[in-house]
Each structure stands twice: as C-alpha cells, then as structure tokens.
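Take a look at the structure set out below.
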Amino acid sequence: MFLAVDAGNTNIKIGVYEGVRLIKSWRMETDWNKTSDEYGLAAVEFFRFLGLRPKDVDGAILSSVVPSLNYTLERMIKTFFEVEPLVVGPGIKTGINILYDSPRAVGADRICNAVAAYEVYGGPCITIDFGTATTFGAVSGKGDFMGGTICPGIKVALEALHEHAARLPKVELIKPPGVLCKNTISGMQAGIVYGYIGQVDYIVGRMKTEMKQDGVKVIATGGMAKLIASESKVIDHVDKLLTLKGLQILYRRNVEGGVLS
C-alpha cells in the first residue's frame, strides 16, 4: 500500500493505493504555517477513521507546486509513515518526452496530469486543470508534452474583482441561467463563469490547431471542472482524480517498474 500526495496552493490531496486500485482519497486545506507534525497527525487521524493502519504503508510519492511545503510534507511522510517518498521532479521517469524550453520548470501537477491523460485516455490529448491557476497541457500522439497555457484560476479572478473594484461585492461562484443579468451579483457570476467557458473553448481550439493532430481528446480536472464542462463545447472527459492517477502511474513506473494495467 502506498500514499500519493498532491500538494497544491489551495488543497493537499492524498490518495491511498493498493497497486492500481485507489482505496480512498481525501483533501486537506493547504496551510503554509502548519508543521509536519500537524499535517501528520491529521493524516493519521484520517487513516484510523477509514480503518487503515499507517504501518501498512510501504511507499509514497509526492507532487508539490508549493516549494515552501516540500520539506514539511517529506518530513511528515518519513515521520508518520516511516517511508522515503519519491518526489516528482528532475530525474523521475515520466514515460513522456517534455518538449519545454526548460523541462525542470514544468509544474509537477502538469506532469502528473499529462502522464495520466496519455496513459488512461491515449494521445493526442489536452489536459485542463482548474486550480488556483488554470493550466492547459498538450500531449502528442507519440507521448510528447508539447507545452500549454497558464491562466489565473476562476476563484482568483472572482476574488480580484471584489478586491480591486470598490463597489463589487464578494459573491458565490455559481452559474447564472444567462448573461443578460439584471443585478450586479449575477452579472459578476455570469462574467466569470461564461467568460471562462469562452476562454477554455478558444484556447483548446487554438491548441488543437497548433498541435496539427487529429482526434485530440480533452480531459478536465480540478474543483471547477464539472461546472465549466457543463457548458463547454470542447471538454470530452471530467476526471477529478487525474492528478492522483498520474502519481500512481509514476510510482509504479519508478518504484515497481510497471505501468498501469
């Protein structure tokens, strides 16, 4: 049994795997002020609640886009689960060719998403991850990571409207029935939601044109994926576990020498 830990700017997602089978997953809020002990005690509490035993963990893999948390989470895994985590970064076997100016600069989450999308859905494909930032990644039919786009996340954009425009309130992120809105709140909601849908559809269309490949599949993940996919004309699959699946594949590829079966 092994742990897959995906640390993002907003949430830390943890999956417990037995081979290729996901036993359970959960998320914790990312808190840069927490110690490794605080994270560890929370993780162990979840384990016990689920009827699992930390001592049964014999491996771990960590993906992080928060450099300041790397040491904290590595120490948490070593202390509370007594294993040395594999960290997604330079030197790890990905199974894909990263065609980036500086491959080391590609975020660990984008690598995980690309690996999972190519392995599970096949190439060519495009991944969209709706997180604190919205990231797009293109993978060719041969398994080359061709690059992509990074945009402000949906919630970040909504909060920016409130913070930088004096008369605009803080509003809930929901999808109004249309864009001919009769009040400020629904107008803000429509602008963000439908604006992002348009952004997604345009960027994906542009990426497909630049990729010059047929049959490109589009896989979305992240907290807002289902909301945007409900209106988008280009999203083929919503996979909320895409990043964890990528971690599972990378763990088996590097530690066990296998691939997804």
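Even glycines carry a Cβ here, placed using N, Cα and C.
What TrEMBL says about this one:
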BINDING   Asp6, Ala7, Gly8, Asn9, Thr10, Asn11, Ile12, Lys13, Thr132  ATP binding site
BINDING   Tyr100, Gly107, Ala108, Asp109, Arg110, Thr184  substrate binding site
ACT_SITE  Asp109  active site, proton acceptor
BINDING   Asp129  K(+) binding site
In the three-state scheme derived from DSSP, which category covers the residue listed as 'K(+) binding site'? strand
Which of the binding-site residues Tyr100, Gly107, Asp109, Arg110, Thr184 has its Cα closest in space to the Cα of Ile12 (ATP binding site)? Asp109
How many Å lie between the Cα of Ala108 (substrate binding site) and the Cα of Asp129 (K(+) binding site)? 12
Measuring Cα to Cα, how far is Thr132 (ATP binding site) from Gly107 (substrate binding site) in Å? 13
Using all protein chains in view, find how many other C-beta atoms are within 10 Å of the C-beta of Ala108 (substrate binding site). 23
Run through the Cβ atoms and count how many others sit within 10 Å of the one on Thr184 (substrate binding site). 12
What does DSSP say about Ala108 (substrate binding site): helix, strand or coil? helix
Cα-Cα separation of Thr184 (substrate binding site) and Gly8 (ATP binding site), in Å? 31
Going by C-alpha positions, which of the binding-site residues (Asp6, Gly8, Thr10, Asp129) is nearest Arg110 (substrate binding site)? Asp129
Whole-number answer please: how many Å between the C-alpha atoms of Gly107 (substrate binding site) and Thr10 (ATP binding site)? 15
Long-range Cβ environment of Thr10 (ATP binding site), under 8 Å and at least 6 residues apart: Glu29, Thr30, Gly131, Thr132, Gly223
